[in-house]
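**Student:** Handing you a structure now.
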Amino acid sequence: MTTAPVGSVLIVGAGLLGASIGLCLRNLGVETWLRDASPTAEAVGEDIGAGLSERAWVGQMPEPQLVVVATPPDVTVSLVVAALEEFPGAVVTDVASVKGAILRGLEATGADLTRYVGSHPMAGREKSGPVAARGELFTSMPWVLCSSEQTAPSARRLVKALAVELGATVTEMSADEHDTTVALISHLPQVMSSLLASRLQDTPLHHLALSGQGLRDTTRIAGSDPGLWVQILTANAASIVPALHGVQEDLQRLISTLEAPTAPGSRLDVAQLIAEGNAGQARIPGKHGGAPKAFAQLTVLVDDVPGTIAHLLTFIGEIGINLEDLRLDHSPGQPVGLAEVSVEPNRREELVEALTTNGWKVVQ
Ligand SMILES: NC(=O)c1ccc[n+]([C@@H]2O[C@H](COP(=O)([O-])OP(=O)(O)OC[C@H]3O[C@@H](n4cnc5c(N)ncnc54)[C@H](O)[C@@H]3O)[C@@H](O)[C@H]2O)c1
Ligand SMILES: O=C(O)C(=O)C[C@]1(C(=O)O)C=C[C@@H](O)C=C1
């Protein structure tokens, strides 16, 4: 990709997102520098191989071709403006989870935004900081680009090339369309997960010990950073509130129905509500951003000893079957794990046979 960064890249904010971008760029051989308000985050970023710490290499950082601001949303406007001023030859992007408030904040400063492109990788984790960074975080994940009326085509091309180089799939839309979209597909899930998990605060531990995968699936992102999410939710409140009203209506409907569960029509109403969930869930696209696709699953029993999962994955690769997804679980109190493997439906039978013939125990 000829338009990908060939000069150096400066990442401002060496946390989860910044260090993940750095790890990936370094793997691609791009000279990458890290700047963080926290000296520790900057040093850890360098230690994990996400880039060179500006503090540790005083005066040695060249003028970057691209600056990526990967800090919390509430400091993003001032850092973008500062980067545009400090590096007059560089394109500047940010990766904040809200785009409208940031664009309006930037416009209000009167800064020349021809070299600025807002962006948002739709990939992340419920953890913060450089230690949680992953070089492959963006592989096959969507990355939204929000150019403004002022954005120069060359700036847009460079940031698009960055996302593509990091393995992401680029979608372009206005900042406002972005914010309405993420209110439903990212911000509402965070709120629902947090509200659900908050119900567990007083639950006795021996009750929680019975939790199955359902609770884990629906509460993973409840572990997210409150400091970051207070900024995201308040900055996008105007788009989130209508989505919350929709949930409120459905909740009220369910409460009323379950208050009279045997009344005529109640069972149908409950079934309808669950079916509406089925219909929504089936519309979520699969891997690679393609059309929704149902993969076939099978569960393999794996000994809880080092290297077993690696053996299993190598075996699947060697017989020429593409692993579409993998989920690991543990049998409570047992020295075995359960590896749930997803493959193309037409390869499932072949895989089950190959695994069983070669001594693996397929349990489902
Ligand atoms: N966490 C996610 O899943 C995710 C996904 C996509 C986008 N984002 C966006 O990416 C941005 C960063 O999120 P994160 O999860 O990496 O957070 P993080 O807390 O892991 O990292 C943020 C880093 O920014 C640094 N920082 C704060 N103020 C600074 C300043 N004034 N100057 C320089 N550095 C400063 C912090 O010290 C920290 O190291 C946010 O805007 C967030 O909305 C997050
Ligand atoms: O997987 C997760 O931990 C996330 O929720 C990441 C997620 C998302 O909603 O997809 C969360 C917020 C970001 O702005 C982008 C990505």
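For all residues, glycine too, the Cβ spot is worked out from N, Cα and C.
OK, TrEMBL features for this one:
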type: DOMAIN; residues: 7-292; note: domain 'Prephenate/arogenate dehydrogenase'
type: DOMAIN; residues: 297-364; note: domain 'ACT'
type: TRANSMEM; residues: 6-25; note: transmembrane segment
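Can you tell me where each of these features sits in the structure?
**Tutor:** Within the model, the domain 'Prephenate/arogenate dehydrogenase' (7-292) shows a mean pLDDT value of 96, rounded to a whole number.
Note: the domain 'ACT' (297-364) comprises 24 helix, 23 strand, 21 coil (DSSP; helix = H, G, I, strand = E, B).
For the transmembrane segment (6-25), same-chain residues at least 6 beyond its ends with a Cβ under 8 Å from one of its own Cβ atoms are 31-36, 38, 41-42, 44-45, 48-51, 54, 61-72, 79, 83, 87, 90, 95, 121, 124-125, 127-130, 132-138, 162, 165-167.
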